Amino acid sequence: MACCPLYKLLLFIGLLLLQVITTCKATLIADRDDQNSRQVSDVAWEVTYDPPKLKMDMNTVRSLTVRIDHIKAADLDDTRMVQLKSEREHVAWIENGTIVIEPLVAAVAYNASFSIVANFLGQTNFFVEIVRMNGSAERIKSSTLPVTVIRPERVIDHVFTGSVILLISILYINFGAALDVGALKQIARRPVGPVIGFICQFVFMPLLSYGLGHLLFPDNYELQLGLFFTGVSPAGGASNIWTVALGGNLTLSIAMTTISTLAAFGMMPLWIFTLGRTIFQRANLVVPYSRIAYSAVGLIVPISAGLLIQRYCPRFSRLLVRILKPMSVILILFIVIFAIVTNLYLFELFSWQIIVAGLGLPWIGYCFGFLASHVMRLPLADALAISVETGIQNTGIAIFLLRFALEQPAADLTTVMPVSNAIMTPLPLLLLLIGLRIHERTKRRAENSLIPKTDTDPAVAAS
């Protein structure tokens, strides 16, 4: 009977994973069917563009020359119009993209110039489309023009990237100095709590972020990628503080943060290079294997430096340990606030889906971590620690990897998800903390009302 809770936990995890996989599969099939439903014209037109691809800054206009060869009069039967279109008009669009039909009939080749307006960050494809008399549209084969819209580089962007690298390095030096190897050995003897936390953090959360991304952003692969990078990140430094505030097991919380941070060196690349690769492929992005690997290895250097400080400079190490908690919170807040200030334009992307994703990822993580702990019959303090560790992600690491590993505009577009997650993560915990404080105060008042009052009347006392 002792193994019964474990079987319940494994069954529960299996059902959840099956649900996530089924949902993702259904989404992928729906996307594929939608793509297959688009009609492709059988006309033999040859469409060329000058320039053959465009890379533009936001809020700029470029001229584009379109040439169409091998036009036949029969191709224009039952044709209402021919037009140049954009797949994602919020990224870039065309001023008067209608192609006049008369020159198509009168000439062997068609030449015209169009104005392309770069509206917002992202990538899109332009294509030539035939609209029939009945309103159906047919896309011309091999008529795709890739267009990329980026931001002009600013000095503050380089300052932000450099400050993120510097501050994350300082945080990991402090973490190495505070690492208690003896405590890890002690926990290894009874690893029930950390094992549950590891499964929640590095199995459930990546799959949850992957599934949420497909459900909420079926056509926006940059936001899928940003949410996935957030989901595969280790626990955040603020988890220890929230655990104390909510009355959880601080020792277990610190141990889980330590294990999560160390395991992230292997688990983050593992998820990004496997499940994350499918998002890269659908987004037509190259998986930056070398950059992600360098980022993971690069974080080993500061944590190793912290271990050396702990070994050879114990007095300085104790100083670093004392400032680790406040510094971790300050650094994460700094990174998130700096990301918001330098990327205010990203709030134009904010929608109900982004808010739901930013709130849903930690909220579901909190609930799953607590429920898994309850199934394993752990004490309430342990369950609270595991719940908080599961739901709070290290968004600073996610922003660091996205900014360092991806090219523009993907690096900018993906950042909106960890920023949204960082804003939304404390809200459920804050509401829970307020509820607990109100409950404690109400309970204390009720207990005080049951205590009999002592009679301080002198006359009564004298009698």
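Glycine residues also receive a Cβ, built from the backbone N, Cα and C atoms like all the rest.
In TrEMBL, annotation is done automatically, which means it is predicted and not curated.
Annotated signal peptide per TrEMBL: 1-26, in sequence order.
Tertiary neighbourhood of the transmembrane segment (159-183): same-chain residues 237, 251, 254-255, 258, 261, 299, 301-310, 316-317, 320-321, 323-324, 327-328, 331, 334-335, 338-339, 342, 396-397, 399-400, 403-404, selected by CB-CB distance under 8 Å and a gap of 6+ residues from either end. TrEMBL lists 159-183 (among others) with the feature transmembrane segment.
Marked as transmembrane segment by TrEMBL: 195-217 (among others).
Under 8 Å from some Cβ of the transmembrane segment (223-243) lie the Cβ atoms of residues 171, 201-202, 205-206, 208-210, 212-214, 216-217, 249-250, 253-254, 256-257, 260-261, 263-264, 267-268, 271-272, 275-276, 279-280, 283, 285, 325, 328-329, 331-332, 349, 353-354, 357, 361, 384-385, 388-390, 392-398, 401-402, 406, 410, 413-418, 421, 425-426, 429, all in the same chain and six or more residues away from its ends. Summarising the annotation, TrEMBL assigns transmembrane segment to 223-243 (among others).
Taken from TrEMBL, the feature transmembrane segment applies to 250-272 (among others).
Residues or ranges marked as transmembrane segment in TrEMBL: 292-309 (among others).
Annotated transmembrane segment per TrEMBL: 329-346 (among others), in sequence order.
The transmembrane segment feature in TrEMBL is assigned to 352-372 (among others). Long-range neighbours of the transmembrane segment (352-372) within the same chain, counting only residues 6 or more positions beyond its ends whose Cβ lies under 8 Å from a Cβ of the stretch, are 9, 12-13, 16, 196-197, 199-200, 204-205, 208-209, 212-213, 216-217, 223, 227, 230-231, 383-384, 386-393, 416-417, 420-421, 423-425, 427-429.
Residues or ranges marked as transmembrane segment in TrEMBL: 418-436 (among others).
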When you scan the chain for residues with a C-beta under 8 Å from the transmembrane segment (418-436), skipping those not six or more beyond its ends, what do you find?
-> 226-227, 229-230, 233, 236, 238, 242, 245-247, 332, 336, 339-340, 343, 346, 350, 354-355, 357-359, 361-363, 366, 388, 391-393, 395, 398-399, 402
